[in-house]
């Protein structure tokens, strides 16, 4: 694993964003709660700012209004000349880039933690661009160790040579936190409680880092997307199959989430 980029200085400005997708309710609920009571996010060595990322989609309880906000933080959208007819999420991405960035600048926030839900029965998923972000990898390991008995997988989403497009790519460092299974537009108390605890643990890790705590090298599994696979379909394009009940595992007592095949083994240097 490459040791770049590792923060050389303490992290002073952190943002916790929810509602990037307006129907993923754990992050929506928590962002709204912290906007009313931000003190829970603060730590002695840094300030943390809650952000409701996509207010219009949140108000409509939809993933997005015009296009996926979490695929819009690229130079194509951020630096293009503004036009009145631009999609809502393009306008909002530029606003967030000014608030939390600008992207790839020394004035950007030090860290963004972006909160998501999934309908998939994955438990906890920690999303990072690649293993090159050593700080994020150590943070992932720290979060895994908080509840080692619970599934907590690391997903590496960036394709080599592709520009990062997620909201948290605006900051100098960042990571996505995704919990499931949760239906769209529904708030599950257990998942929102779990997400709240993980956010607190992530902020505690940043506090430890700022205090000069040494974190040892480690090994852990990471997963990459290999390819997409659609449902079986008829010649007309209609569904001809669904997920098998033994894999769906929705609310079956005593059943553990399905384990995907191992995609990558990662090793980390000391931090």
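Cβ from N, Cα, C; glycine included.
Nobody curates TrEMBL annotations by hand; they come from automatic prediction.
Positions annotated as domain 'Succinylglutamate desuccinylase/Aspartoacylase catalytic' by TrEMBL: 11-206.
In this view, residue 21 (Zn(2+) binding site) is surrounded by 25 other Cβ atoms within 10 Å of its Cβ, with every protein chain counted. Per TrEMBL, the feature Zn(2+) binding site maps to 21, 24, 116.
With a cut-off of 8 Å between CB atoms and residues at least 6 apart in sequence, the same chain places 115, 116, 117, 118, 122, 124, 125, 126, 127 near residue 178 (active site, proton donor/acceptor), listed in sequence order. According to TrEMBL, the feature active site, proton donor/acceptor maps to 178.
Per TrEMBL, the feature region 'Disordered' maps to 251-271.
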Check: same-chain CB within 8 A of Zn(2+) site center, minus 21, 24, 116: 19, 20, 22, 23, 27, 63, 70, 115, 117, 118, 178
